[in-house]
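J.: Sharing a structure, written as structure tokens. Questions coming.
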């Protein structure tokens, strides 16, 4: 019975063998390719390989192998593509088949083809060992060693997307997103549909504050419109990008309150990425200064400074807020700190010089303090303050000689402050740290009583003073 079973099995195998021969003959007739067609496939494969289009190159080498399964060169060339893609396990069978078809392929005699074949075999073996070593290091969480091993893998096989993706993951784990981006970017071209890499690149750029770049990579929806992750990422980045761009447009148009509102929306849209909160605080600080709101500006700028201590824009804006608040010493301190971080910045240098001049002037006469108004006060507010103080300190209000002399001095200062701060040109000079009524800073300056804007002192004659104030 056993013997009969064997005979039956033998008959089946013989029939299968015969069938395979028949099919082989039929396939040779159907799939067989001419020598010219095979050469065309090999040439196209070579060009695509040189251009880094590995998947397309591999397709042509597959066609070359199918067209002539007895040609050792077609296997050898396909093995080269597998190696370029980092697929050493796929390359080894092709190299082995090439040697089987042409045993003298690796003979001792020297020739360029044989040297290259030897090198390819050595590369294949080395790549396989290195990849196993890299995966083992990655498995035990040794990301630095994994990167070191993969450096050699990528050197041997620069078009291997898997090794680049693994190295990018290690860079992310070690907190180096820039290098991860460098590795992931080429993988979007090395794979036909690499949505995973597009999403990772979008996230990495987004977390670095590069929302425009993030938006570009978030368009992986073009590869698959139904991809939920791509759609979610795209909507988030699109919304944030629109808010950021709109806020900056408002600043360009000097619509600072609108810009503040937009940056507050940014913080609500993305509360989890520090970059966007820090950026929003920085720009709100700037807008508050431009809106002449020093107290609020100082608070927001100080918070922004704590978040980003080396940001010279925040230090500059807080210095300007201190100037608006007539706290010149702190303004000088902020500008000096910013100057330490960037000694070549002309805006910071000029700001420091102006703050130092204002500090020096404040120790002499500060026209804003004399009238008791903010540096942002308009002309109407200045005139109102002047009238009130002029009535209060008019010398006719005082009987004692010593009090009258003090009143004269105060009255002159009040009149001088009004004259400077209601004249746009003189006010601009004073705001830049120059006293337009100070003979020391004005060549050929004032005559008569020091600082009296009308070039005479009405109190020198000691006569009666008659001033009328219109309300």
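Backbone N, Cα and C define each Cβ position, glycine as well.
So TrEMBL says this about it:
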type: SIGNAL; residues: 1-32; note: signal peptide
type: REPEAT; residues: 72-105; note: repeat 'TPR'
type: REPEAT; residues: 312-345; note: repeat 'TPR'
type: COILED; residues: 325-358; note: coiled coil
type: REGION; residues: 423-455; note: region 'Disordered'
J.: Sequence-remote contacts (6 or more beyond its ends) of the coiled coil (325-358), Cβ cut-off under 8 Å?
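T.: Contacts of the coiled coil (325-358) (Cβ under 8 Å, skipping residues fewer than 6 from its ends): 294-295, 298, 310, 312, 315-316, 318-319, 366, 368-369, 374-375, 432-434.
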J.: Summarise the repeat 'TPR' (312-345) by DSSP state, stating how many residues are helix, strand and coil.
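T.: Helix (H, G, I), strand (E, B), coil: 27 helix, 0 strand, 7 coil.
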J.: Can you check how the pLDDT averages out over the repeat 'TPR' (72-105)?
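T.: Overall, the repeat 'TPR' (72-105) comes to a mean pLDDT of 72.
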J.: Can you count helix, strand and coil residues in the repeat 'TPR' (72-105) using DSSP?
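T.: Output for the repeat 'TPR' (72-105) reads 30 helix, 0 strand, 4 coil.
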